[in-house]
Amino acid sequence: MSMNPSPAMTGHGFNWRTFVGQNDAYLALIVLIVIGGLISPEFLTTLNLKNLLSQSAVLGILAAAQFMVILIAGFDLSVAAVMALSSVVFAQFAPIGLAPAAVLAVLSGLGCGAITGAFVTLGRVQPLIATLAMLGIARGFAFTVSEKSLLVDSPLVVAMSKSWGIISVPMVIWLVIAALLSVFLYRSRFGLHCLAIGGREQTAALAGVPVQRTKFLVYVAAGGLSALAGIVLVIRTQSGVPHVGNGWELASIAAVVLGGTALFGGEGQLPKAMAGVLIYQTIANLMNQVGLNPYYQDIVRAIIILAVVGVGIFRVRQSERRVNRAEIGETE
Amino acid sequence: MTDATVTPSIMNPRPMLRKFGLPALLLGFVLLATLLSGGKFIQPDNLSVILFQSSIVGVLVIGITFVMLTGGIDLSIVGIMVLSAILMGAAGSERQQMMLLNDIVPYVGPFWALVMALVVAALLGFLNGVISIRFGIPSFIVTLAMGLMLAGVALMVTGGSPIYYPPDFYEVFGETRIFGIVAPVYAFLGLAVLCWWVLKSTRFGVSIYALGGNPHASQLSGIPVVRYQILAFTICGLVAGIAGGLFLSRTGFVAPSSGGDLLLGTIAAVVVGGVSLSGGKGSIVGAVVGVLFLSSLSNLMNILLISPHIQDAISGFFILGAITLSNRLES
């Protein structure tokens, strides 16, 4: 969503450094896929790619929610819990009818988002703690709706679990959501307001951006998106699971940062963040392909998250240094 | 978030509310709880159960208070607690050794197992501090990742099976009663007094408030900011290790998945106890009162047969409400 025309295209000649800098997430993904194909013969099979993409769909929608919140310089630790709540609500009411069940599931997510948003804006609770509290609330409600996983055997849901080559329903839903949201954030005044708030809240307020309202709406939207992820999860696995997604809040942050979004807001592109999701899931998939013990996988994942965020911070510092230098008037 | 009122005046109700709000709330709650439970709540037996239940969260709260005073947070505190309890059990008991599915942890005897577990806990806290402070990565991300990693390590160490046979020492400790109250409660209260004294009377303790309030000014006034911040994380880790010992003496059992519900309760207690998330404000006394309050609340809900899942949701709302209220009182 950077608003500048791409410098790689303007001016005379083609600048490799700028091109790589702008497309780093996509290039990293391509390199990773090539490596995957080389080290594991199973990696590039249709079945594995289909699984990889449909797994990415759930995390991808969560990451889209996380992306919006990080863009306004917040964090949302409740995305995975809200997803779990929505999945059990959907599964619980599916026997009545899929449409009302989906509406209730999305409403539960929007409700959670509205509560978080209200406490962040009106109560001035730090986003981190407000969403941590919402994590507890949503999980508590999820387990209250159902202590155990709920099977959904509605014929329509079963039909939707089919796939065509590498294309699956979750993947299509994910791509449609990501595409619509990208266009919306890129084109709308709302998207511009989000960037401004993430850049510097006081400045945005002085410039007339409705800061509190925008922030509230972002948390509501994040709740709604997390709920959609819950529905997609049910389509993928045919069950609503109250304990699903432990640790996915961190995975969503890591994926968004992998996709080049600034950790403290104000800068980022949703399509790149989605590429970050694919990178994260490809690494996870490859760890399975090479048969790494699942206990070690958690450890590797934690190290990846720390490394990714660490590099993200390093980048922020560097760009700050560049800005400082520019302000002083020093030339590079 | 600076404290504007240095001298509380009687005319202004806000400082009074801030100072006496929580004790007054606690008193009102005790009266209400006694009424609702038909007198069950106030029975001495029940009160001693509340104290016993408070001891584990209480110790965790003491640890996390150090980190939060510096403006950080430790979300790996329960992970450290569980891992150190596992080490105490796995390396300290011969019977447990035979049950383990792998031999990553050797048998070293109960005492050295305890020492090893506490050293590991302190080292993990130190690692949290170094990564977060030295590399400037927000502490919540470092400690969340640490928690994720420790869950993996706990599974690796035990091969996935729980620790059923910790050394007898822990059971004996958990059942020893002095004046009708079990020993872990004294451990918790003793630690609280010690840490209260550290924060009140040592150079480190006083500096921690200063650097939490304004790290830059503290740096300029000669406080070794980085060293003290890392020390706070280390203390938090060590204290989480101690909580691991109390956990074993209360349950006699620990699994890699144990303690999942403790993190939210710990944060809720600290926040209800008036420790500020942005650092520099709060006290051990407040945090301990927060723990006692929330333990009493959860005890009452247990008496009233409210499901533990609803209790989790209620803790969440308590965190939100408490911070909103304290923000309102400040401004």
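Residue numbers in this text run from 1 along the chain shown.
Glycine is no exception: its Cβ is also placed from the backbone N, Cα and C atoms.
Owing to the predicted nature of the structure, the values given are computational and were not obtained by experimental measurement.
When Cβ-Cβ distances below 8 Å are used as the criterion, the transmembrane segment (A:25-45) is approached by residues 258-260, 272, 275-276, 278-279, 282-283, 285-286, 289-290 of the same chain, each at least six residues removed from its ends. The transmembrane segment annotation in TrEMBL covers A:25-45 (among others).
Among residues of the same chain six or more beyond the transmembrane segment (A:57-90), those with a C-beta under 8 A of the stretch's C-beta atoms are 1, 101-102, 104-106, 108-109, 112-113, 116, 120, 127-128, 131-132, 134-139, 141-142, 145-146, 150, 152, 168, 170-171, 173-174, 177-178, 181, 185, 194-195, 197-198, 201, 214-215, 218-219, 221-223, 225-234, 236, 239-249, 251-253, 255-257, 259, 261-266, 268, 270, 273-274, 276-278, 280-281. According to TrEMBL, the transmembrane segment annotation covers A:57-90 (among others).
Annotation source TrEMBL lists transmembrane segment at A:96-120 (among others). Non-local neighbours of the transmembrane segment (A:96-120) in the same chain are 74, 76, 78, 82-83, 85-87, 89-90, 126-127, 130-131, 133-134, 137-138, 141, 154, 156-157, 215-228, 230-231; each lies 6+ residues outside the stretch with a CB under 8 Å from one of its CB atoms.
Taken from TrEMBL, the feature transmembrane segment applies to A:127-145 (among others).
Feature annotation from TrEMBL assigns transmembrane segment to A:165-186 (among others).
Taken from TrEMBL, the feature transmembrane segment applies to A:216-235 (among others).
Per TrEMBL, the feature transmembrane segment maps to A:298-316 (among others).
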Maximum Cβ pairs under 8 Å to the transmembrane segment (A:165-186) - stretch from the list A:127-145, A:216-235, A:298-316: A:216-235
